[in-house]
Each structure stands twice: as C-alpha cells, then as structure tokens.
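In what follows, a structure is listed as structure tokens, so that the remarks can point back to it.
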Amino acid sequence: MSSVESIKDIKERKHRNRGFCSFVKTMLLKVFLFTRYYIDILIDVIFGYFNDSKRVPIKKCTNPIILESATSLAQKIRKRELTSEEVVQAFVDRIKEVNPVLNALVDSRYEAALEDARKIDRDIANGTILDVDFQEKPFLGVPFTTKESSAVKGMSFTLGIVKRRGRRATFDADYITLIKNAGAICLGVTNIPQLNLWQETHNPLFGITNNPYNSTRNVGGSSGGEASLLAAGGTPLSIGTDIGGSVRIPAFMCGVFGHKPTSHLISTAGTTFRDGKEEQTMVVIGLLARKTVDLIPLLKVLTAEKATKLKLDEKVIVRNIKIRYIDNVNDITISPFRREMKETFNRAVKHFKEISTTPPEELNIEGTKFAGKLWKYWMSQESGVNFMKDITDRTGEANPIVDTIKHFTVGSEYTTSTIYNFINKLLPSPNEDWAIKETEKLREQLLAKLGNNGVLLYPSAPFPASYHHAAYLRPWNFHYFVIWNVLKFPVTQVPMGLNKEGLPVGIQVVAAPYQDHLCIAVAKELEKAFGGYVPPFETS
Ligand SMILES: CCCCCCCC/C=C\CCCCCCCC(N)=O
C-alpha cells in the first residue's frame, strides 16, 4: 500500500516539476523575446542615425502610361489606342528617371526594344497582325524585365559572380521564350544578390539596389531589382525565381504582388546553372505585378500547356473560401513581430470574418517553427546545382573555412551574404529521417486543413524593409517565406498599404498545390478592400 502511495507521490512531484519547468521556460522565452525586440529597435536606431540623411526620393510620375497594368496596356495596343512604341518609350523614359536612384536595371536594350515595338506597330497598321494573333500573344507590344540570373539572349548573365564579369547569355531561358512568344518585349535585366542567395540585392559587379519607398532601405532578394523597378513604374511585366522567398521577399519589401506558383509547372531551364531537368528542386519561376489583374494572364503564359492543371478560369466565390490563419509561428530565430505587422495581419483576418460564410479558423501547427531547418535540409537535396562549385562559376570549388577567413582578412570576390551561406553550410545539418518525416507530416496537416477550397493567411515578415545590410544582424527573418518552398505550395504575397514611415506592409496567402486560383482570388479581394499597391512617388 505504502509503495502505491509513494508512486502516486512521485507522479505528483514530477507533475509539479514539469509545471515549474514549463513556467521557467515560458518566462525565459518572454525575457529572450523582450530583449530581442529592443535589440532590433536599437539596430534600427543606429542604422537610421548613419543612413537617414542619405535618403534620395524618386521622381514623380508624369506619364500615366506607366501606372497601367500590363493587361490594360496590351488591350490598348490591341484596340489601337496606344502604339507599342509609345508604351516602350514611356517605360524607357521612366527607367532613365528612376534608375540613377534605384540601381535596379543593370543591362538594357532600349534601342532594340523600340525597334521591336515599331515593327509590331507596323504589322498592326498594315494588317499582318490579326485579332487571332492578339489572342495567341496576350502581351503583344508590352515591355518586360527579368532578373540577371536568367538567360536572355545577348543580355548580361553574370549572376553577380566576379569570374563571370562581362558574360552575356547566348540563348533564352525557357520562360523567356514563352514570354517573348506571348509578344512581350524585353527592356533589360535587373540586379540580384550573388548567385541569388540572399535576402538583399547586392553584388560586386553591379552594387546595391535601393528601395523606391526609401532609398536607404533593403529591396529584399533575390528578385530585388525586379520588385524595385516594378514598384517605381519602370516595368509593367516582371518575372523572377523563388527558392526561398526570392519573389515574395522583394514583393513584400517593395509593396507589389508576388506569386510563387505550384512547383514543377514552369521549366527552370536557363535560370542560373539549371537545365530544367531537376528531379528535386524548390525553385520556381514566379511573377511580380502591381495589379492582381496581371497575375492570371501572366501565369497562363508561363505555365503554357500545363495551365490546364490549374483552374485559372474557374469562377471563385471568395466569401465561400475557407479562410485559415496562423499568426504566431513560434520560431525563435525570427525577430519578434512588430505591432504594425500584427495590425496588418489582423485587418486581413477581420475582413474575412466580416465577409466569409464560415468564420476564419486559427491554426496552431507546430511544424511551421522548423521552417529554417527543413529548408536547410531540402537545399542540400537540390538537384542540378552545387552552390560551392557554382559560386566559382564551376571552375573549382569554394572552401567555406578558407574563403570565410580570406573574406574577413584580405578580402575576397564574394559578398558577405555568400560568406553567410558558407557559414550556414558549416552549421550542423538536420537529421535526414527527421526532416523527411516532419516535411511529410506538415504537408499532410496543411493539406487536410486547406483541401481544394481553403487558403491560409500567413505572415510575411516581422517588420517592413530594414536599412541596407541590417539583414546580416537578423539573417533568419526570411523563415516565414521558406516553408512554402519546402512544401511546394503556391503562395501570393499581398501588399496591404504603407506603415507610418511610408514603407510597404503585407501578408502571404497560401493554398494547396494546384489551387493557385484561390490565393490569387483572395489577393484580389484584399486589393479591393485595402488598396493593394501604393505608388512610392507623386502622380500628376
Ligand atoms: C553569424 C553568421 C550566421 C550565419 C547564418 C546564416 C543563415 C542564413 C544563411 C543563408 C540564407 C540564405 C538566404 C537566402 C534567401 C534567398 C531567397 C531566394 N533565393 O529564394
């Protein structure tokens, strides 16, 4: 009998101890988050002290053409209300106005683009181009830009790697062929971080790209040149790539829409060193737009015959979509969420509480906090690329220890962001079995909640665009983005207006694979309700 009592006592004591331990853990976590919150503020105060006076505004917009959606420009060319030459000229003029401040476009083909436009105008005028051609070429006569890490024949193709200085592409990436076949005209290519692997756009060949909302701020990466130029009105059609947020991080920081489609629908051939035959990859071709109206037409062009796998023409009744949300991911590697971001997120949730037929449901899915670890594991499984070789332009192999020491002593050809990637490689790797099981578990949990009529509202970042280089002090803040690369779910980054300092804020809208039409429909609803893209310049 006494031994039974003592077992009970032991159990109670263990229970009390567990309660105490979890109390201590919670308190320590609170202290950690509180301290981190104020360290982040201090970082901003210090960076602000050195940078605020260097801010240069971009010029106001005097030509309304540059504010139109790509779809509307295509329609006006088709109806002969505008010529392609007028449209191309408007964007060339705008790039010349804004690029000295932004440093977004790094190689241009203005004269050749104008020549392409004049040819299209002549063909339209003399009846060589008929209505049926316009249907096959939905962006006929509309300019586009893309990132410098994608091959566009004749254009710079260095990937920001010093050994590739002066290198030009001798062919078109597969998606470039598709957009050109859709009638769009390339204006040039835009800046990227070295080999695309950072959340800020900076490399030794072309320098740093500035944010049009505040030139002292980060534009994100890696499609940072694209987002910066698009937001400033320098391009109407923009295409990037996304392996860890590369379309959505810049879209968030520059206040435009960014869509990462369902994986394996668009060929990656011709992007960095890829041949499009990768068996396992998280990279996808993604699109950026100022207006949601452009997302579906552009997605149709890029997915080509695979567009039938998506339901892009299906009518979506937004109030019937099941809205789920996660606003607290409990990933302690990410900076604590600032109030303005919480408020932004809550505004979106509240909106759907008001309009949805079933109330939005908050999810608590533990695995989302492992985003960084899972992404690191799946990055190590990428086929067709080898970071340590690619960074040397495949002339050898980088040595993470030697190159890191060299970088911080005598200097190197690498950016500090590349060195961070080396250091990341040296950090312990997650266990393979654990990573595979956790990814599968997370995928199943989310699929069960999203089905074919659900979307998930998810945070983008703990705060808006920081000062240049501040990302080195909080390198894991991109974790909100990477989980959707790990799971290969489609996501739309949605701008939700500006904060008090005039910087864009926003959220991510996620759906199950092949349900891209749902994220885009919800993005359209949020654009209608909250205004979407807000130009970073005066309009007259
Ligand atoms: C003190 C050094 C700590 C090093 C920690 C490094 C942690 C992060 C390392 C690499 C992150 C790469 C971020 C890539 C974001 C790229 C987005 C994309 N290309 O889709």
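Just so it is clear, glycine is given a Cβ too, placed from its N, Cα and C backbone atoms.
Summarising the annotation, TrEMBL assigns active site, charge relay system to Lys147 (among others). Cβ neighbour count for Lys147 (active site, charge relay system) (all protein chains, 10 Å cutoff from its Cβ): 29.
Under the heading active site, charge relay system, TrEMBL lists Ser222 (among others). Within the same chain, residues at least 6 positions away in sequence whose Cβ sits under 8 Å from that of Ser222 (active site, charge relay system) are Lys147, Ser149, Ile192, Pro193, Asn196, Leu197, Trp198, Gln199, Thr201, Gly240, Thr241, Ser246, Pro250.
The feature active site, acyl-ester intermediate is assigned by TrEMBL to Ser246. DSSP gives Ser246 (active site, acyl-ester intermediate) a coil state; it is part of no helix or strand.
Feature annotation from TrEMBL assigns domain 'Amidase' to 86-519.
The annotation transmembrane segment is assigned in TrEMBL to 20-39.
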Reported mean pLDDT - the domain 'Amidase' (86-519):
97
Which state, by DSSP, holds Lys147 (active site, charge relay system): helix, strand or coil?
strand
Under a three-state reading of DSSP, tell me whether Ser222 (active site, charge relay system) is helix, strand or coil.
coil
Looking only at Cβ atoms, how many others are within 10 Å of the one on Ser246 (active site, acyl-ester intermediate)?
35
